Amino acid sequence: LTLVVVTIVCLDLGYTLTCLICPEEYCKRIHTCRDGENVCFKGFYEGKQLGKQFRRGCAATCPEGKPNEIVQCCSTDECNH
């Protein structure tokens, strides 16, 4: 019985990544990613007219940045703060 419990705990069945998802600089909104989305990302751009702009979310792979945007990716829960 102990071996069965240890096996289930180690397999971590049904794990789903959670990422922050909001356009603000300081984000607290947590989103559960869909199956296949194994990366959290944060994009940052500072424009002359609109000031600082952020985008955060889940992705299957690290997205490419838009022109003049810096994108950072990670793969642990809520790592895209």
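One-based numbering along the chain as shown.
Placed from the backbone N, Cα and C atoms, the Cβ positions cover glycine too.
For C73, the disulfide partner named by Swiss-Prot from the candidate list C58, C62 is C62.
The shortest Cα-Cα distance from C27 (disulfide bond) to any of the disulfide-bonded residues (C33, C62, C73, C79) is found for C79. The C-beta environment of C22 (disulfide bond), restricted to residues of the same chain at least 6 apart in sequence and closer than 8 Å, consists of K28, R29, F54, R56.
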